[in-house]
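Colleague: Let me begin by handing over the structure; questions about it come next.
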Amino acid sequence: MRDAFDDQTLKVTVEMTFPTALNEPDQVILDGYIVPSKYLLRQITKILLLLTIAYSSAFRIAYMYIYLLRNCKLTTKLMIIDCAHATIVAINVLLTVLMLLFAFDWNHFRKFISHIKSLSLETDRLTVRTIKQNRRITQALLIVTFIIYMIIFYTQQKAISIDTVNPFVFNLLCFHEMLIRFVFLFFLNMICNICFWLKAAFNHINSQISDLHDTSDQSFGHLFCKIRDLRQKYSYAVRSTQSAEKLFRWFITLYYIEYFTYNIVNIVMSLGPKMNIDSIWLLFISIATLYFIILTYYLVSVNNLSREGLEDLYELSFKLNTAQSCHENDIFIARMALSDVGFTFANLFTINNNFITSVFTLSFTIIITLASFIYQ
């Protein structure tokens with residue numbers, strides 16, 4: 001009796017000390033998120049991320065507040081634009097902290113995993129191999145750019161802060177910048193990983209829709225069941241996308257606001273008659289643009305793939321000869337034609353080709369207007 005009690009106590013202690021092993025589907029889906037998969041969904045991970053971004057952001061905001069008090073004289077139009085940009089950056093950092101505190105819900109990530117598992121993509125070796133290859137490429141890009149960014153940040157701040165900033169404060173500034181960049185790249189890598197699965201889901205469905213044209217069994221029961229099964233899978237893929245969109249809605253919104261305000265101000269200031277464009281400035285712009293291209297490419301790809309099978313479904317309607325099959329196909333076409341599947345900007349606009357074109361057009365208009373106002 002005593003031995004049995006000791007064995008049970010030891011078993012409970014081990015289970016509390018070590019995380020429960022994930023089953024194979026969860027292991028495949030949760031790999032590649034920088035944090036080990038067995039810790040990713042745990043509360044401690046969210047707490048550490050919150051503490052890291054809150055601590056580093058508090059220092060960053062305090063430092064920028066001191067910078068604004070010392071340097072914002074508002075004597076010229078160019079100084080006003082520079083101070084406005086610094087203020088926007090500080091506000092964006094504060095909003096990022098608030099976003100992580102109140103708008104980032106891990107339950108949406110759990111729902112994403114639940115819906116994506118319903119498609120059984122983790123059992124497809126080719127799909128898993130493609131996702132792992134994309135993960136390695138993306139992570140390599142993020143790691144290299146992270147190292148380059150920190151080197152040029154250190155170099156630039158060293159040149160600016162020499163004889164004006166205490167070495168201890170300077171080291172703190174670099175350390176906190178590293179923490180902020182790490183958290184940003186953690187979320188960027190997480191979005192990319194989720195997009196890999198969403199792209200694989202829609203590719204899988206589109207491939208099966210295309211295969212219906214070549215099937216030899218044209219009987220009513222076969223096509224009816226196939227179309228209904230694909231509609232069910234498409235619903236799982238849409239639900240997965242909706243969960244991912246709710247998880248990262250405000251992160252994506254804040255990122256686009258920061259990226260375009262940062263570039264608008266920098267481009268306007270570079271157009272000045274006495275402005276010299278150096279290599280460090282170009283490297284900063286290049287790294288920011290690379291992150292923008294990576295994120296936007298995957299977000300737009302999800303939206304494009306979600307309606308890629310529309311033409312195949314339309315052509316399939318010519319081969320259907322029963323009212324029930326035609327009705328199933330019409331429902332599928334109507335759902336796919338909505339074009340609302342994907343990530344959004346503040347839940348107002350779906351991020352697709354038209355959205356990116358409109359944002360660039362608006363940005364160029366603002367750049368021309370500001371440049372004309374400042375340098376006239």
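The chain as shown is numbered from 1 upward.
Cβ coordinates come from backbone N, Cα and C, glycine included.
Residues annotated as transmembrane segment in TrEMBL: 47-66, 78-104, 137-155, 178-198, 247-268, 280-300, 355-375.
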Colleague: Relative to the transmembrane segment (78-104), which of 137-155, 247-268, 280-300 accounts for the most Cβ pairs at distances under 8 Å?
Modeller: 247-268
Colleague: Same chain, outside the transmembrane segment (247-268) by at least 6, Cβ under 8 Å from its Cβ: which residues?
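Modeller: Beyond its ends, the transmembrane segment (247-268) has Cβ neighbours at 81-82, 84-85, 88-89, 92, 95-96, 99, 103-106, 108-109, 112, 187, 190-191, 194, 281, 285, 288-289, 291-292, 295, 299, 343-347, 351, 359, 363, 366-367, 370-371, 374.
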Colleague: Let me spell it out: take the transmembrane segment (280-300), skip the flanking residues so only those 6+ beyond its ends count, and list any with a Cβ under 8 Å from a Cβ in it.
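Modeller: For the transmembrane segment (280-300), the far contacts come to 138, 141, 145, 148-149, 152, 155-156, 188, 191-192, 195-196, 199, 252, 255, 259, 262-263, 266, 270, 342-343, 351-353, 356.
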Colleague: Are there residues at least 6 beyond the ends of the transmembrane segment (178-198) whose Cβ is under 8 Å from a Cβ of it, and what are they?
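Modeller: Those are 29, 32-35, 49, 52-53, 55-57, 60, 93, 112, 116, 121, 130-131, 134-135, 138-139, 142, 146, 149-150, 237, 240-241, 244, 247-248, 251-252, 291, 294-295, 298-299, 301-302, 305, in sequence order.
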Colleague: Take the transmembrane segment (47-66) and find every residue of the same chain, 6 or more past its ends, with a Cβ under 8 Å from one of its Cβ atoms.
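Modeller: Result: 86, 89-90, 93-94, 96-97, 100-101, 172-173, 176-177, 179-180, 182-183, 186.
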